[in-house]
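One structure is given here, and the rest of the page talks about it.
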């Protein structure tokens with residue numbers, strides 16, 4: 001019997017598309033790039049991504065969705081001023097923008113009209129950077145096989161950022177113009193201008209470091225939550241529990257950091273073994289409690305005075 005011998009499909013991510021299926025017999029095309037929504041299997045055949053994101057994938061998407069929201073809140077607080085009464089409404093508007101953008105992004109993703117998405121499983125870091133693995137069989141001609149092997153974890157973030165930007169430009173200027181009466185004319189829109197800077201930065205960050213962020217984001221959350229909490233408490237001179245209970249804003253900031261810290265712990269553990277992983281959440285308040293209990297012993301004025309008495 002004659003056997004149709006095809007040349008080997010070179011490259012880590014090059015594959016043959018299925019042209020037709022006749023019973024159990026499949027006809028394949030030439031070796032090349034897989035269509036969007038497909039990736040190669042072990043036999044170098046392009047197959048549809050029919051899986052769904054696992055828990056870690058959703059946690060990664062949640063982290064990427066939180067980045068613009070946290071930056072919105074930071075710059076709104078930074079530019080709102082102490083006397084402005086518009087900060088709370090701007091915070092809520094930013095939350096509404098990012099929430100609506102997330103829902104719309106899921107609805108327009110395949111399958112369209114559903115909050116569920118189909119995806120390919122991430123196997124290794126190189127899956128995020130297929131453009132670096134285009135083969136050159138004769139060292140002259142390059143076979144371009146760049147495609148989204150981690151579909152849709154790479155491009156869905158760009159779609160989300162685009163919706164966030166559009167919704168911000170539609171909603172925020174009207175809100176700020178009406179309610180930001182406590183700010184000067186030039187200061188009203190500074191939080192919006194800041195977003196016009198950080199959205200391109202976030203886009204480049206995802207384009208270049210998406211794969212690195214996918215594996216490192218739990219540790220980034222833990223480190224940043226600890227550092228920012230320590231900086232905030234030292235800058236606000238938070239010393240006692242009474243100080244936190246009197247000023248509700250500080251209590252909100254503290255609980256926000258605790259939520260981020262818990263998110264990082266859950267992302268690292270993935271909650272695969274609940275009986276082992278859930279007790280780790282009890283460590284969430286530990287850094288703040290340690291700071292509150294030891295702040296009075298590390299106060300600079302006290303250290304200087306004791307040093308002076310020692311001499």
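Positions of Cβ are set from backbone N, Cα and C atoms, glycine also.
Checking the ranges 88-108, 109-129, 130-150 against TrEMBL, the transmembrane segment annotation falls on 88-108. Tertiary neighbourhood of the transmembrane segment (219-238): same-chain residues 63, 213, 244, 250, 253-254, 257, 260-261, 263-265, 267-268, 287-288, 291-292, 295, selected by CB-CB distance under 8 Å and a gap of 6+ residues from either end.
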